[in-house]
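Only one structure is covered here, and it is reproduced in the block below.
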Amino acid sequence: MRKLMMITTMLLLLVTTALSAQERHGKGGEAKVPFAELELTAEQQQKLKELRQEDRKKMEALRKANPEQRPSREEMKKLREESRTEMESILTPEQRTKLTELKEARKEAMANVDREALKADLKKIQEEARQVVSAARGQLDQFISEEDKVAIDRLRAVYATNPMVQKREKGTRGQRPDRGNQADRPDREAHKAAVTEWKEAHKADIAEAQALADKYAEEMARIREKLAPQMKKWEQQKRDVVESYLPEGMAKGKGRAAKGKKGKRGGSHRADAPDASKEKGQGRKAVGFLLMKS
């Protein structure tokens, strides 16, 4: 989500993972490459645009290949390496050298960001979001039958045993591990195995939760549609907070490439209210909203 969720929505994940997202883009990903400082020719700009479009197609193909599970780290790493190789082949040797220098400077600058203060400011937005979204979820109860309420209560308890939920409640979900640290690999693999085992053991429960989400999809869509303006406001607040902590020139929206990425994140699946036709019949987000405690 993108994993099965229970007590949260994609909105809340947006807030709690803002810092890790900035760190991810600061580690060489194409979304944060300072193209504006490389003096690209028109031909290079066109080639990079085509490369980004191709990257999106490859990512979409990965997601469609296994809709119920996020792409593996190995698959993502392979895509990034392929994209980076193609991107660098478009640049001149001088541009590649300058790019390396810029990335190192930005990496050093990011290391000096006051993460604790940033997290504290983001937590304030998270609390506001949690209260409003929880109240919105409460509105759904008037449409749910007493029998289904009993089933939902039971499923909440079941989903609480999901290792992903337990990890999130311990406060470790937003902490992205150092992928270069091999010492963390056994823990990651064990967690992945535990999640797979949980899904296998609770196939019937997952199917029941999805069926209930389908049943009340229209009601949920109407409620969440009303939330859309507020969700956009939170997304903008979150973005403003993160950018206020970043070194000058590193904020999203600064530069041609970053602006395009910001537009995609801000106006796409991360912040906007879900389209009802897409939510019905599928959707971990719909299940998460249904099982959310009001």
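Quick reminder: no glycine exception, Cβ is built from N, Cα and C everywhere.
Keep in mind that TrEMBL annotations are predicted by a computer and have not been checked by a curator.
Owing to the predicted nature of the structure, the values given are computational and were not obtained by experimental measurement.
Taken straight from TrEMBL:
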COILED    99-135  coiled coil
COMPBIAS  51-87  compositional bias 'Basic and acidic residues'
COMPBIAS  166-201  compositional bias 'Basic and acidic residues'
COMPBIAS  253-268  compositional bias 'Basic residues'
COMPBIAS  269-282  compositional bias 'Basic and acidic residues'
REGION    51-96  region 'Disordered'
REGION    163-201  region 'Disordered'
REGION    245-294  region 'Disordered'
SIGNAL    1-21  signal peptide
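If you average pLDDT over the coiled coil (99-135) in this model, you get 88. The residues of the region 'Disordered' (51-96), classed with DSSP into helix (H, G, I), strand (E, B) and coil, number 37 helix, 0 strand, 9 coil.
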